[in-house]
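> This structure is in structure tokens; I'll ask about it shortly.
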């Protein structure tokens with residue numbers, strides 16, 4: 001095939017991969033873009049796009065002295081978060097999508113979306129974005145190509161992935177890649193003026209597990225449009241992982257170094273906006289302990305001879321801005337200091353800096369809010385959207401672990417599960433074994449957050465392994481993959497712990513200070529792994545004793561810590577019915593091991609409650 005078949009191609013195609021060229025040519029006929037551009041991933045390209053988007057009104061260049069090479073985007077108010085009701089797993093059989101996903105027949109969905117895709121890039125440029133998941137040095141990397149009509153997405157992809165010519169070279173003339181289609185769904189007729197944030201009221205985010213394809217339409221926001229993120233790194237990768245014998249998980253990866261210089265690696269799964277990023281970038285409050293970040297959101301876990309190893313498939317942080325400050329997350333703030341950051345839906349100060357709720361200091365007397373309106377401290381609405389974001393490269397972080405770029409990953413010593421529970425769940429508990437830990441993860445529940453556009457904030461929702469919106473196939477089979485991995489790994493598998501930073505007293509106060517003081521919990525986790533401390537036996541497992549936590553210099557009353565470490569049997573009993581119904585909801589493919597572990601939990605609750 002010749003490149004002439006790609007109508008509107010700018011210059012020569014920098015690849016001889018026939019599958020890729022044919023796919024692009026077909027997409028051009030469907031989308032009908034004005035031009036087709038292969039991105040190279042260079043700084044010059046990023047700068048050029050930024051200039052164009054500033055001119056178009058999509059981006060605002062921030063104060064060069066305060067935020068060098070940084071920009072603010074304001075999305076359409078209808079396009080501010082993941083849209084779970086419009087997210088589909090289009091497996092051939094409905095039961096393979098399972099009860100936690102929206103399903104549609106693949107061909108019917110492709111027919112439906114093709115109607116929307118037809119001509120949807122008129123008047124726009126189609127960008128060809130090759131990208132690599134994880135370090136580009138991986139001898140057998142997972143690759144992808146996204147076709148998009150959004151420059152904002154291209155700029156975000158340069159931060160969030162290893163993208164451009166290097167990734168295209170990795171694909172080579174015959175390499176395979178995940179095909180990702182994305183259009184904001186806002187064609188331009190000749191002479192029609194563009195809007196600052198093109199999008200469409202009709203939205204689809206669809207994954208095709210059998211063919212490893214991702215099709216997205218109508219949204220320019222984050223995880224709906226940056227298809228390497230949740231769509232590939234979790235939904236499609238979880239399918240690949242099941243087929244190939246590994247795990248794709250919604251987990252941070254943290255390197256913790258004790259005063260003697262020994263390093264430990266922890267993976268942790270928390271629902272969105274439950275402190276995952278803050279833990280990934282923790283600054284320990286215990287003298288002599290330091291931490292480094294390998295990843296803040298996603299971990300790919302593979303068995304090697306001596307244990308379970310984790311790689312971060314991403315290249316950047318896409319963090320929730322509100323609440324981030326020099327007290328809660330100094331590393332995130334310092335990561336943004338050199339600039340090179342893309343902000344979305346935060347507020348703009350009069351001197352060209354950014355601001356959000358929970359930032360250090362008092363709110364400025366005047367701001368422009370995320371909708372572009374004047375804002376003062378007397379205003380009724382938030383200046384920044386609750387799900388506003390910063391997007392910045394990991395290697396800019398002062399706490400980036402050098403292993404972040406090691407394709408073999410880091411050996412995981414412990415896995416943490418944790419949500420946002422005001423009661424019931426103690427501060428930290430070690431599970432009995434891998435099977436017990438799998439059941440605990442399967443029944444993880446948390447309060448709702450603003451990261452989903454449709455959540456009722458504050459209600460409790462089940463979130464198995466914090467993967468509920470991201471499991472790309474049947475959730476029962478996903479849990480089976482956990483059991484299978486444990487059977488394969490045996491005693492090489494890491495210990496699993498359940499944590500809860502969010503326990504409250506009767507008057508509503510938090511019983512645990514959280515943030516940097518969570519290092520005290522991590523130290524106990526390591527002490528348990530090393531066999532240095534005992535534990536209380538509670539209904540949920542081996543729960544820490546207050547006297548075994550390093551509480552030196554902590555202002556929190558010891559009574560609060562002790563209360564945070566309780567696992568009241570009557571509260572666990574209140575959850576039994578709900579948990580039983582949830583396991584039933586997950587369906588007949590839930591492993592027998594999970595059911596037997598739940599039966600054992602019920603027996604412990606009954607015995608303690610008697």
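Placement of Cβ uses the backbone N, Cα and C atoms for every residue, glycine included.
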> According to Swiss-Prot, 82, 221, 222, 223, 387, 388, 389 bind substrate; which of 137, 272, 446 is also listed for that site?
272
> If you count Cβ atoms within 10 Å of each one, which of the binding-site residues 221, 515 comes out on top?
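Sorting the candidates by Cβ neighbours within 10 Å, the top entry is 221.
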> Here's one to test understanding: among the binding-site residues 223, 389, 515, whose C-alpha is closest in space to the C-alpha of residue 250 (Mn(2+) binding site)?
223
> Of 274, 277, 297, 515, which is closest to residue 221 (substrate binding site) if I measure between C-alpha atoms? They're all recorded positions.
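Nearest in space to residue 221 (substrate binding site), counting only the recorded positions, is 297.
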> Whose Cβ lies within 8 Å of the mean position of the Cβ atoms of 230, 250, 297, the Mn(2+) site, other than those residues?
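Checked against the 8 Å cutoff, the neighbours are 223, 229, 233, 234, 272, 298, 470.
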> Taking the residues 82, 221, 222, 223, 272, 387, 388, 389 listed for substrate, what is the greatest CA to CA distance in Å, to the nearest whole number?
16
> On a count of neighbouring CB atoms within 10 A, which of the binding-site residues 297, 517 is highest?
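The largest 10 Å Cβ neighbour count belongs to 297.
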